[in-house]
C-alpha cells in the first residue's frame with residue numbers, strides 16, 4: 001500500500017509539472033499545505049481569513065496574493081517599521097489588508113488598480129477591520145500617477161515600502177519610476193518573479209497562455225534587477241516568488 005501511495009504522489013507531481021501554472025512553487029502540495037495549516041492559518045487575522053475565503057469564490061482568484069506571502073509581507077512591514085507605502089495592483093485587497101494591518105494607525109498606502117469593482121469586493125472587510133482610513137485608492141493605470149509623483153521632487157525618497165503586483169509587461173517601467181520614490185534603505189517588493197516555475201521550463205513545456213505570454217517580461221525584469229547597482233536584491237520562493245530590492249543609492 002505504501003508503494004501505491006508513493007506512486008500516486010509521484011504521478012500527481014508529474015501531472016502538476018506537465019502544465020506550468022501552479023500557485024505554489026513547492027514540489028510537494030502536501031508540504032505546502034503543512035506550511036499553511038501549521039504556520040499561516042492558525043495566526044492569520046480573522047479579517048484576512050474572511051477576505052481570503054471571499055476572494056476564493058471569485059473567478060479570477062488566482063490573481064490574489066497567497067496566504068503565506070500575505071503573512072510574510074505583514075511581518076516584513078513590521079520589521080522595517082514601514083509607515084508610508086504604495087501598492088501597484090490591488091485586486092480584492094488581500095495584500096493591501098496585510099499591509100494596512102501592519103503599519104501604524106497614521107500610516108498611509110497609495111493603492112492603484114485599473115479595476116475598482118474588484119477592490120470593492122474586499123472593501124467591506126477592510127472597513128470592518130478598521131484600516132480603510134489608511135488607504136488612498138486610485139482607479140486607473142499606475143504609470144500616469146507615478147509620473148506625477150516623480151515630477152515633484154518632494155516625493156522622492158518618501159516611501160518606506162512599495163509592492164508591485166500588476167501587469168508584468170510594465171514591471172520595468174514601474175521600476176524606472178519607483179526607484180526614485182522609495183527612500184534609501186527602503187524596500188521594493190516585486191511579486192511573481194518566479195512566474196509559476198516557468199522561467200526554467202523547457203521551451204516545449206505546456207503552459208497556460210498568460211504564463212507563456214508574460215514569461216519573457218519576468219525574465220527581463222529579473223536580469224534588470226540583478227544588474228541595478230542602486231539596489232540590493234533577494235529573490236525568495238514565497239508564493240509565486242517575490243524579489244525584494246533594498247535601495248542603497
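Just so it is clear, glycine is given a Cβ too, placed from its N, Cα and C backbone atoms.
As annotated by Swiss-Prot, substrate binding site applies to 23, 165, 196, with the evidence given as similarity to another entry.
Among the features that Swiss-Prot reports, S-adenosyl-L-methionine binding site is placed at 65, 87, 89, 90, 95, 113, 142, 167, with the record citing sequence analysis. DSSP assigns residue 90 (S-adenosyl-L-methionine binding site) to coil in the three-state reduction, outside any helix or strand.
Among the features that Swiss-Prot reports, divalent metal cation binding site is placed at 165, 191, 192. Shown in sequence order, 65, 87, 88, 89, 91, 95, 191, 192 are the residues of the chain, 6+ apart in sequence, with a C-beta less than 8 angstroms from the C-beta of residue 165 (substrate binding site).
Between the binding-site residues 65, 95, 192, 196, the minimum number of other C-beta atoms within 10 Å of a residue's C-beta occurs at 192.
Within 10 Å (C-alpha to C-alpha) of residue 196 (substrate binding site) lies none of the binding-site residues 90, 113, 142.
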